[in-house]
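**Q** I have a structure I would like to understand better, so I am pasting it below and will then ask my questions one at a time.
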Amino acid sequence: MANILVINGPNLNMLGKREPEHYGRQTLGDIIEELETLADDYEVRLYNFQSNAEHEIVERIQTAIDDIDFIIINPAAFTHTSVAIRDALSTVKIPFIEVHLSNIHKREAFRTHSYFSDLAEGVIAGLGPIGYQLALAAAVEKLK
């Protein structure tokens, strides 16, 4: 059975309350609950991790090297700033899909660049919470 890790970056713990015009009204808990149901259907193990701290995300990626087959990551604000998370993903060489609830290319200019997209298997942006479900489906397909 494949192991898939979902990583959510800073402020995503505030989903449902924070800027619903950009991020929707679902909470992160709602999104993860839906993913867990889908993971059961796909017969994969799903692990969830959220942190507002860059170093904690780096450490979780590093510990994934031994038992995780695929990563789905929404780096949130770290998308545009974190060489450290990029280096961690590059080091472990675990395939990953980058997910964004909003379309980062329709936002402020500083939000349009990602430090991860060129390393990712794919990028899903602007589709809201369903983007996570699409990423999980794609991860399962890529692991076949």
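A Cβ is built for glycine as well, from the same backbone N, Cα and C atoms used for every other residue.
According to Swiss-Prot, the record shows the following:
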type	residues	note
SITE	Arg18	site 'Transition state stabilizer'
ACT_SITE	Tyr23	active site, proton acceptor
BINDING	Asn74, His80, Asp87, Leu101, Ser102, Arg111	substrate binding site
ACT_SITE	His100	active site, proton donor
**Q** How would DSSP class His80 (substrate binding site) in three states?
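**A** Reduced to three states, the DSSP call for His80 (substrate binding site) is helix.
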**Q** Write out the long-range same-chain contacts of Asn74 (substrate binding site), meaning residues 6 or more apart in sequence whose Cβ is under 8 Å from its Cβ.
**A** Ile7, Asn8, Gly9, Leu12, Glu98, Val99, His100, Leu101, Tyr132
**Q** Enter the number of other CB atoms within 10 angstroms of the CB of Arg18 (site 'Transition state stabilizer').
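**A** Here the count is 11.
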**Q** Of the binding-site residues His80, Asp87, Ser102, which one has its Cα closest to the Cα of Arg18 (site 'Transition state stabilizer')?
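**A** Nearest listed residue in space: Ser102.
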**Q** By the DSSP assignment reduced to helix, strand and coil, which category contains the residue listed as 'active site, proton donor'?
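**A** In three-state terms, the residue listed as 'active site, proton donor' counts as strand.
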